[in-house]
Amino acid sequence: MTMTSTPRRYHITTFGCQMNKADSERMAGILEDMGFKWSEDPNTADLILYNTCTIRDNAEQKVYSYLGRQAKRKHEHPDLTLVVAGCVAQQEGEKILRRVPELDLVMGPQHANRLQDLLTQVFDGNQVVATEPIHIVEDITKPRRDSTVTAWVNIIYGCNERCSYCVVPNVRGVEQSRTPEAIYAEMELLGKQGYKEVTLLGQNIDAYGRDLPGVTETGRHQHTLTDLLYQVHDISGIERLRFATSHPRYFTERLIKACHELPKVCEHFHIPFQSGDNDVLKAMKRGYTHEKYRHIIDKIREYMPDASISADAIVGFPGETEAQFENTLKLVDDIGFDQLNTAAYSPRPGTPAAIWDNQLSEEIKSDRLQRLNHLVAQKAAQRSQRYLNRIEEVLVEDENPKDNTQVMGRTRGNRLTFFEGDIEALKGQLIKVKITEVRAFSLTGEAI
């Protein structure tokens with residue numbers, strides 16, 4: 001296939017985290033710069049790209065299921081171009097080609113900005129695997145963003161941590177921070193385009209700047225997430241700032257104080273704790289104790305008493321005892337999270353914990369996950385009660401898909417909120433809403 005016969009329609013299916021979603025937006029922008037048009041239906045597309053996740057085994061198996069269907073279609077439509085990007089592509093590399101030889105391109109997440117160059121090789125008749133570690137270059141194309149109100153901006157790629165259960169450093173590479181100038185320029189453009197909220201993204205976002213040159217007179221890194229928040233805070237048009245995901249090792253009081261002082265920074269913090277037991281945390285190689293984690297949350301609430309806290313937790317880690325699991329339950333009960341993403345431990349290839357001989361049964365993991373989720377829902381419902389009859393600022397993002405007489409958006413604390421209104425008139429507006437009904441993870445109210 002040559003560039004002149006490039007397929008005109010494309011479809012991207014994205015699995016996994018916000019980083020993957022942001023990568024997909026950038027790759028969509030590249031494809032549209034190349035002349036491709038979006039297709040809602042993958043079965044009518046000439047190029048299909050799966051941006052994959054390898055955090056858990058079920059996500060990986062789902063990818064192979066999708067690929068199997070499209071591989072059959074390619075036998076009937078040989079001009080179909082099949083691309084696998086993201087973390088499964090990085091982890092499996094050429095192994096995917098042996099399993100699905102119909103693939104045209106396998107590319108790791110570090111190569112997202114090189115999509116056009118890689119497709120040029122494909123259209124010249126090559127089957128391409130791009131998984132070698134590289135320095136991530138700035139993307140000069142405009143992402144095809146899924147929203148016209150909120151936007152993600154990557155500020156740091158990769159991860160230098162070596163958690164014993166996690167495959168991310170293997171598939172996303174070492175930390176690479178973007179320059180403050182590049183981040184500012186992207187956000188300035190977003191403000192001019194009418195975006196109201198920006199979420200800064202990174203695997204360990206509070207580690208931002210450690211790899212950039214320069215130190216201060218006091219010996220700290222010259223570029224940090226705290227400094228960046230001050231730098232981008234006053235960009236015209238941007239009304240709200242968020243950031244994710246934070247690592248407890250790098251979440252400082254200086255950062256907390258900045259979030260308190262800067263009015264555009266929303267009072268919502270996503271800080272995974274993974275386990276409430278110190279021995280499990282040590283086995284996970286997380287680099288902190290549950291006491292350290294509790295201290296961070298206490299400090300946040302000292303500066304911002306009403307702040308919303310969300311996190312991630314893993315149950316059924318190899319060797320986790322019932323008593324250790326109960327320490328996780330105790331931490332969740334004590335802190336009271338607004339939202340908690342929970343998962344049963346899933347062994348990932350290439351990670352130390354995957355080959356340990358003290359794996360727990362699926363029955364134990366399932367039981368613990370169910371018990372944790374029950375507590376999470378209870379605590380979230382209790383946390384929601386504080387919103388009842390309060391007036392909250394809601395950024396309207398879209399129409400309620402279940403009720404077209406309502407719009408939906410999020411509070412500064414990241415609570416999904418519904419109220420009656422016309423999306424055409426209200427989209428992108430900050431509206432004061434009196435909360436009349438509360439649920440564990442969402443609110444309903446009336447515009448005032």
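Including glycine, each Cβ sits where the backbone N, Cα and C put it.
Annotation comment: Swiss-Prot describes CYS17, CYS53, CYS87 as [4Fe-4S] cluster 1 binding site. CYS17 ([4Fe-4S] cluster 1 binding site) falls outside any helix or strand according to DSSP and counts as coil.
Cβ neighbours of CYS159 ([4Fe-4S] cluster 2 binding site) (same chain, under 8 Å, six or more residues apart in sequence): CYS166, VAL168, PRO169, ARG172, VAL174, GLU175, GLN203, ASN204. The feature [4Fe-4S] cluster 2 binding site is assigned by Swiss-Prot to CYS159, CYS163, CYS166.
Here Swiss-Prot flags 8-124 as domain 'MTTase N-terminal'.
Taken from Swiss-Prot, the feature domain 'Radical SAM core' applies to 145-383.
In terms of DSSP helix, strand and coil, the domain 'TRAM' (385-448) has 7 helix, 35 strand, 22 coil. As annotated by Swiss-Prot, domain 'TRAM' applies to 385-448, with the evidence given as sequence analysis.
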Looking only at the domain 'MTTase N-terminal' (8-124), what is the model's average confidence as pLDDT?
91
Taking the binding-site residues one at a time (CYS17, CYS53, CYS87, CYS163), which has its Cβ surrounded by the most other Cβ atoms within 10 Å?
CYS87
Taking the recorded [4Fe-4S] cluster 1 site as CYS17, CYS53, CYS87, identify the other residues of that chain whose CB atom sits within 8 Å of the mean position of the site's CB atoms, giving them in sequence order.
PHE15, GLY16, MET19, ASN20, THR52, THR54, ILE55, ALA59, GLY86, VAL168, VAL171
